[in-house]
Amino acid sequence: MESNGVPMITLSSGIRMPALGMGTVETMEKGTEREKLAFLKAIEVGYRHFDTAAAYQTEECLGEAIAEALQLGLIKSRDELFITSKLWCADAHADLVLPALQNSLRNLKLDYLDLYLIHHPVSLKPGKFVNEIPKDHILPMDYKSVWAAMEECQTLGFTRAIGVCNFSCKKLQELMATANSPPVVNQVEMSPTLHQKNLREYCKANNIMITAHSVLGAVGAAWGTKAVMHSKVLHQIAVARGKSVAQVSMRWVYQQGASLVVKSFNEARMKENLKIFDWELTAEDMEKISEIPQSRTSSAAFLLSPTGPFKTEEEFWDEKD
């Protein structure tokens, strides 16, 4: 366990990752001094894992914060941090993976990433990131060649580990059928309102660590929901344990054997979110949470197309109607 109280998880490749990270998606202060100061404050209070992506447009600001943290002595070396970034869909082509990773490194002002993830199991026509994706730009991903390029990035030392995001059991199976090195992480939505039981069991059987996002319902994000934070069950447990609803939700994810990323620019909540590792939910608590109605918050609508690889949410997530 690190001095900040966050346990270290050993991934199947052997590298160690903090169980809790700070997410950087959907910040309202994108590219501003306030955003940089929030990242600096997170480092100061004890966060050592930061989760970014080319699509988030937060890499440059995070890079500035890391450089300033080193200058201020908040950390002694870059090696104290675990930095994750993601390959955007328009770069999910064999010849574009390495250049995309190198561009992320330039943005972050780093020599290497700790973890590089495929952002979605779909490709787009090459080009700059756009918020509104034309439906005819959505393409099937060639898992074999794209993953081989990811493996090459790791071999070259530009990233210490590689993984995926938003992959179902079926899509993981397809990718691993031709992979030399399996993904070490699958980052997906997971919370008390989306347990992901089947996916968790599949990933555990294949030594893939799940990293949960939207643990608190992603309130404030375009796809967010208040179902987690307004849950009566979680509120009752929180009162009984002397914890917050957020802490109960995060602790539940951790007790399922998953790692997690959460986001807050509020210093008090940053500190509160770190305090989930020195107590446990009881078997009774876990049973109550198991009965919470389930629903997915994140949507793949922007990656669906009548002419693309996935026409419906059910096809994208491999869920039955």
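Backbone N, Cα and C define each Cβ position, glycine as well.
What Swiss-Prot records for this protein:
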- THR27, ASP51, GLN187, SER214, LEU216, SER264, ARG269: NADPH binding site (BINDING)
- TYR56: active site, proton donor (ACT_SITE)
- LYS86: site 'Lowers pKa of active site Tyr' (SITE)
- HIS119: active site, proton donor (ACT_SITE)
- HIS119: substrate binding site (BINDING)
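When the binding-site residues SER214, LEU216, SER264 are screened for a Cα within 10 A of the Cα of LYS86 (site 'Lowers pKa of active site Tyr'), none qualifies. Cα of TYR56 (active site, proton donor) to Cα of HIS119 (active site, proton donor): a distance of 11 Å.
Here the recorded positions are LYS86, HIS119, ARG269, and the one whose Cβ sees the fewest other Cβ atoms within 10 Å is ARG269. Listed binding-site residues: GLN187, SER214, SER264; maximum Cβ neighbour count within 10 Å falls on GLN187. On a Cα basis, HIS119 (active site, proton donor) lies 12 Å away from ASP51 (NADPH binding site). For the binding-site residues GLN187, LEU216, SER264, ARG269, a Cα to Cα distance of within 10 angstroms from HIS119 (active site, proton donor) holds for GLN187. Under the DSSP three-state reduction, HIS119 (active site, proton donor) is assigned to coil, being neither helix nor strand.
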